[in-house]
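The block underneath contains the structure these notes are about, expressed in structure tokens.
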Amino acid sequence: MGACPPKAKGPWAQLQKLLISWPVGEQDWEQYRDRVNMLQQERIRDSPLLQAAKENDLRLLKILLLNQSCDFQQRGAVGETALHVAALYDNLEAATLLMEAAPELAKEPALCEPFVGQTALHIAVMNQNLNLVRALLARGASVSARATGAAFRRSPHNLIYYGEHPLSFAACVGSEEIVRLLIEHGADIRAQDSLGNTVLHILILQPNKTFACQMYNLLLSYDEHSDHLQSLELVPNHQGLTPFKLAGVEGNTVMFQHLMQKRKHVQWTCGPLTSTLYDLTEIDSWGEELSFLELVVSSKKREARQILEQTPVKELVSFKWKKYGRPYFCVLASLYILYMICFTTCCIYRPLKLRDDNRTDPRDITILQQKLLQEAYVTHQDNIRLVGELVTVTGAVIILLLEIPDIFRVGASRYFGQTILGGPFHVIIITYASLVLLTMVMRLTNMNGEVVPLSFALVLGWCSVMYFARGFQMLGPFTIMIQKMIFGDLMRFCWLMAVVILGFASAFHITFQTEDPNNLGEFSDYPTALFSTFELFLTIIDGPANYSVDLPFMYCITYAAFAIIATLLMLNLFIAMMGDTHWRVAQERDELWRAQVVATTVMLERKMPRFLWPRSGICGYEYGLGDRWFLRVENHHDQNPLRVLRYVEAFKCSDKEDGQEQLSEKRPSTVESGMLSRASVAFQTPSLSRTTSQSSNSHRGWEILRRNTLGHLNLGLDLGEGDGEEVYHF
């Protein structure tokens, strides 16, 4: 009674799944959830057992339990038992009574979506009901039960993601006592959910960073006493991400800094100077198949790019870029420009000869044609051109050999879709290389029309030069602006432009369909009308007019409407759209530049031979830290905030003494013998006793100075961590 309907088998199972999942779309998820909740409440009201469990009605529960016809296994609308209902409403007494009568209820999960697999222990943990958790564990509740329903999956529909196990639920709600209790009863801290996420992965995804950091430390303290060879922090999920890498992908700077604090080793401190060794495990992209830096720059979340400003990532990237990345990138840019000059020269001096056949069409102006293969390489000039063509073809092959493996490694959608990684430029360069090889095939087979692939290849090849603008801080963000304008503003504008051109070109053609084309031939046929309207739209040409003849009246009306809509409205709209895109990208200028540098550095590091790009950092053996690699960073901390803090403490003390000074002014005998305050010692000021005539003005001045100092202190403390000058060594 109240249980879920039996599941269909075979093709009917897929159909049933489709019909069930149909209403659970992004737009209907809230309605679906509300409908489930309504059915659940109706079912609870219809069942005396469930209603008694909800209202903690112990008298009614005892009567029902004594009734042998009462089914303790009856379930609600989502497959929940009476124990689920009692746990949901924090009714400890009702839950205890139910477990005494039917202990097996402690292990029973919910059977229907969206709460499949949820046990009463999951609910008690989420409610942080410690006593109920103890009671459930005492009666054999499973600490390894998994809640796999749609309500517990990581999805935009759900507001929370706590994993599937009770331990991850307890860690996410921040209950240290329940976490310890579950581990004492055998909960596996290395358990993974259907996504492969451990409890550490799930903590990374929580919005409450404070609880997450505390629970992270607690769980690691238990893992340190385990017998596993691999640390829990190094266990990857199904995407190959460890908790540390997941923090980078999600842009969780708080957790990233917390983990880095656990990994750093302070060498020495001397006044404002501090030398620190930072563990580069999982950070350095050298030899990493799934690079942390590449994951950060390719993340869809803007917060991830803030990781690039954190120590030691900022110092590591800066060192690699200045020492290896920038020199190699400039060399690569120079080689590519020379290569394109060679290709362009070969195209300009391609083998041509006079046309053999006679021209029969008066509109045909062709006088030259391409030579056959046997005639193309005869003279000394042809041999020189052959060398350039071989260089061009070899370069195209090298480009494909470098690009194609990365497509399979990263995936086509991510490789071509990430702007920071240079996605559109990868499409351009691969297309260019393919066109060069196509031209070679056409040349070898004596096929006519090689001018078509050559023309496109020249345009695409020279457009690829813009990729190397990312090596310069002034030009790098502009390439991203161009990409966003082309694939964002321009694409939307082209749809509107196509509609307007089709409409007005048809109107112009119909208007001049009955007129003599010799007098005004811009709209004589439909293709010509389309092209002329396109030129008019972009104001390339002026409106066609012939004042020696009478033009159709409808032409004037149509052209006036076209001029207002196209020129005044749509072109200015397009300019405004591009201006908005420029403003938005300009706000992220520094972030985008840093991300471009990181992506370029990782790309070069992956492509270059190891002897040209040695590993960065210091081996831990030199400091007795094992085989891990470290980056040494020297920080110079500004002590001004500390000095201002002492000033503020002095001012606070002076406030307390103001009242005493007022009393001392009434007693002249004690004016000279008062104790010096901390402020007088700190500032070496005159005696704090002041005459009555000077008291008000002096007190006002001290108050202004004190407030300004407090404001300066708050600003200094907010920015104090970033004021230090950092120097990094290897």
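Yeah, the Cβs are placed from backbone N, Cα and C, and that goes for glycine too.
Among the features that Swiss-Prot reports, intramembrane segment is placed at 524-544. Residues or ranges marked as region 'Interaction with S100A10' in Swiss-Prot: 598-602. Here Swiss-Prot flags 650-653, 701-730 as region 'Involved in Ca(2+)-dependent inactivation'. The repeat 'ANK 1' annotation in Swiss-Prot covers 44-74. Residues annotated as repeat 'ANK 2' in Swiss-Prot, with sequence analysis given as evidence: 78-107. If you look up Swiss-Prot, you'll see 116-145 marked as repeat 'ANK 3', on the strength of sequence analysis. According to Swiss-Prot, the repeat 'ANK 4' annotation covers 162-191. As annotated by Swiss-Prot, repeat 'ANK 5' applies to 195-228. The repeat 'ANK 6' feature in Swiss-Prot is assigned to 239-268; the stated evidence is sequence analysis.
Helix, strand and coil counts under DSSP for the repeat 'ANK 5' (195-228) come to 21 helix, 0 strand, 13 coil.
Sequence-remote contacts of a segment are chain residues at least 6 beyond its ends whose Cβ falls under 8 Å from one of its Cβ atoms, and for the repeat 'ANK 1' (44-74) they are 1-2, 81-83, 85-86, 88-89, 91, 93-95, 97-98, 101-102, 105, 108. Here the repeat 'ANK 5' (195-228) touches the repeat 'ANK 6' (239-268). Their Cβ atoms form 3 or more pairs under 8 Å, with each pair 6 or more residues apart. With DSSP states grouped into helix (H, G, I), strand (E, B) and coil, the repeat 'ANK 6' (239-268) comes out at 19 helix, 4 strand, 7 coil.
Sequence-distant residue pairs (6 or more apart) of the repeat 'ANK 4' (162-191) and the repeat 'ANK 6' (239-268) include fewer than 3 whose Cβ atoms are under 8 Å, leaving the two stretches without contact. Long-range neighbours of the repeat 'ANK 6' (239-268) within the same chain, counting only residues 6 or more positions beyond its ends whose Cβ lies under 8 Å from a Cβ of the stretch, are 195-196, 198, 200-201, 203-205, 209, 212-213, 216, 233, 274-279, 281-282, 290, 292, 295-296, 299, 301-307, 310-312, 623, 625, 630, 632. Residue counts for the repeat 'ANK 3' (116-145) by DSSP state, with H, G and I taken as helix and E and B as strand, are 16 helix, 0 strand, 14 coil.
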